[in-house]
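What TrEMBL says about this protein:
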type	residues	note
DOMAIN	4-115	domain 'Restriction endonuclease type IV Mrr'
TRANSMEM	174-207	transmembrane segment
TRANSMEM	213-233	transmembrane segment
TRANSMEM	240-261	transmembrane segment
């Protein structure tokens, strides 16, 4: 696990972020920490900050909960909206569960390989040919040179036509901000409760229903929204199950109180 490998990993992630519109600071130092990457994405609503930690570990080593908590403290210090941790190995179960409840995105060995393969399909301007751990990323020679008209979001396919360009602009400028806001579990719970209440009452406005049926509809909508919104943010099965269940049960409790007293 030499410094060269770590540097190449940092350079690769930084390049992706830069092409996604981020202003990137590598080896960014705070009063107490040295951060691998600190990225800022300017948007119409303000700057969207991201702190990234790159861990070049052997496959047998897992990134633990301590790393996540440390980066979370760094994010609070810098008032960053998102924490991203990239590793060439995997994460402990505690780390995965914790990330599901917090504003933390995890990219493991498999995720990094997919990312490398995605960008290796583009023109070979930036090449990274390095072993990560003891095994080689076969077919994962990283080449990245997206055309200027098609900027990729770190967190899509080539653009064709004005509709696709508008979609790409949304993904680059707005989606990271929306994703950062919705990754907050409390915000997600409030959104599920609000949407369930509004949609159920909208249905009740057009169709005459008794209060019991309306209550059941609210609960069913809460189930769909809880798991659906989490699925949109992160499609890892374990994260969907843990975070979706947390959001659902809290929103369910709030809806039951609402049904009883309102």
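Note that Cβ sites are derived from N, Cα and C of the backbone, with glycine treated the same way.
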Below 8 angstroms Cβ to Cβ, which residues of this chain, lying six or more residues outside the transmembrane segment (213-233), approach it?
179, 182-183, 188, 191-193, 195-197, 199-201, 203-204, 239-240, 243-245, 247-248, 251-252, 255, 258-259
So if I exclude everything within five residues of the ends of the transmembrane segment (240-261), which remaining residues of that chain have a CB under 8 angstroms from its CBs? That is, six or more out.
96-97, 100-101, 185, 188-189, 192-193, 196-197, 211, 215, 218-219, 222-223, 225-227, 229-231, 234
For the domain 'Restriction endonuclease type IV Mrr' (4-115), the mean pLDDT of the predicted model:
88
Write out how many residues of the domain 'Restriction endonuclease type IV Mrr' (4-115) are helix, how many strand and how many coil, based on DSSP.
46 helix, 41 strand, 25 coil
